[in-house]
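Sequence annotations record features per position, and here Swiss-Prot assigns topological domain 'Extracellular' to 1-37, 91-116, 173-200, 264-284. Per Swiss-Prot, the feature N-linked glycosylation site maps to 23; the stated evidence is sequence analysis. Among the features that Swiss-Prot reports, transmembrane segment is placed at 38-58, 70-90, 117-137, 152-172, 201-221, 243-263, 285-305, with the record citing sequence analysis. What Swiss-Prot lists as topological domain 'Cytoplasmic' is 59-69, 138-151, 222-242, 306-337, and the listing cites sequence analysis. The disulfide bond annotation in Swiss-Prot covers 106-183.
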C-alpha cells in the first residue's frame, strides 16, 4: 500500500526512508557513467559547432533581418549557452558523480540547464505564434513582422525564463555521499515538498501551456492550408515540415522529461519499493539527454525555416552546386500557384 510522506511523521523514520531511497538510486551510478557521458558528448560534438556556425550565419550573412531571424538567433544563442555546460556534466558523470568544481558551479550548471531548456521552449512558442499570425491572419502580419516585436518577444522570453528558474538556485544542493561530492539535480535535492509544488507550477506554466499553444497553432495552420488555395504549393510542404519538426521536438524531447520528472519527485514522497523507485529513476535518467536533443531539432529548424539560411550556409562552406539546387527549388516554389 502506498503511503504519502507529506503528512507529519516521525522525523527519524523519514530520514531513514530518504537514506534508503538514496541507497536505491546509488545503484544507477554505473548506468549513468556508461550512458550520460556518451550521449552528452555526442550532443556537444554536434551541437556546439553547429550552433556556432548558425549564429555566425545569422549575424554576418542574413540580411535583412526579419522577426523569424531574430527569434532563431536567440534560440541558437540559448542552445550554445546550454552546450557550454555539457563538458562539466560529462566529467561529473564519467567520474562516478564526483563534483570537483565547487558549490557555486554546481548551482550555476544546473540552473543553466533549466534556464536554457525553458528559454528554448518559449522561443519555439514565440516562433509558432508568429507563424500562426502570418498564415492565419495575414492582414495583421505586416505589423507583427516588424523586427521590434520580435526583439520585445525575445527580451520577454529571457526575463520570464530567468524568473521561472531562479528558485532553483535555492532548491538545488550539493552534498557529500560515500566519500564523493555530489551535485544533485532538482529531483534529488532535499526540500521535497517545496520542490514538488515548484515543479508542478514550473511544468504547467513553462511547458504545458507552451505545448498547448504550439499544438493548436500548427494544427490550425495545417487545417487552413489543407482547405486553402495553396494546397499543392511548396508553401504547404514547408508548413508541414515545420509542423512535424516542432511537434517532434515538443513531444519526443520535452514531454518525456517533464512527465518523468514529476513521477520521479512523487516517487520520493511516496513509500514505494526500492525496485520501483530504481526503475523510475532509471527512466528519468534516460529522459534527461532527450531534452537536450532538441538542439539537434533546432539545427534542422534553422534550415527548414528559411531558404536564405540554406543559401548563406552554402555560401559559407562554398557548396555552389547545392546552392544552385536550392535556388532552383526556390524558383520552382515561387512559380507555383
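Placed from the backbone N, Cα and C atoms, the Cβ positions cover glycine too.
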Secondary structure composition of the topological domain 'Extracellular' (173-200) [DSSP: H/G/I, E/B, coil]: 12 helix, 8 strand, 8 coil
Criterion met for the transmembrane segment (70-90) and the transmembrane segment (201-221) (at least three Cβ pairs under 8 Å): no
Around the Cβ of residue 106 (disulfide bond), the count of other Cβ atoms that are within 10 Å: 22
CB within-chain contacts under 8 A for residue 183 (disulfide bond), separation at least 6: 92, 97, 99, 101, 106, 109, 110, 174
Cβ-based contact of the transmembrane segment (243-263) with the transmembrane segment (38-58), 3 or more pairs under 8 Å: no
Listed stretch, out of 38-58, 201-221, 285-305, that has the most CB pairs under 8 angstroms to the transmembrane segment (117-137): 201-221
Cβ contacts under 8 Å made by the topological domain 'Extracellular' (91-116) with residues that lie 6+ beyond its boundaries: 29, 32-33, 36-37, 40, 78-79, 81-82, 85, 161-162, 165, 168-169, 172, 174, 180-186
The topological domain 'Cytoplasmic' (59-69): DSSP-derived helix, strand, coil residue counts: 5 helix, 0 strand, 6 coil
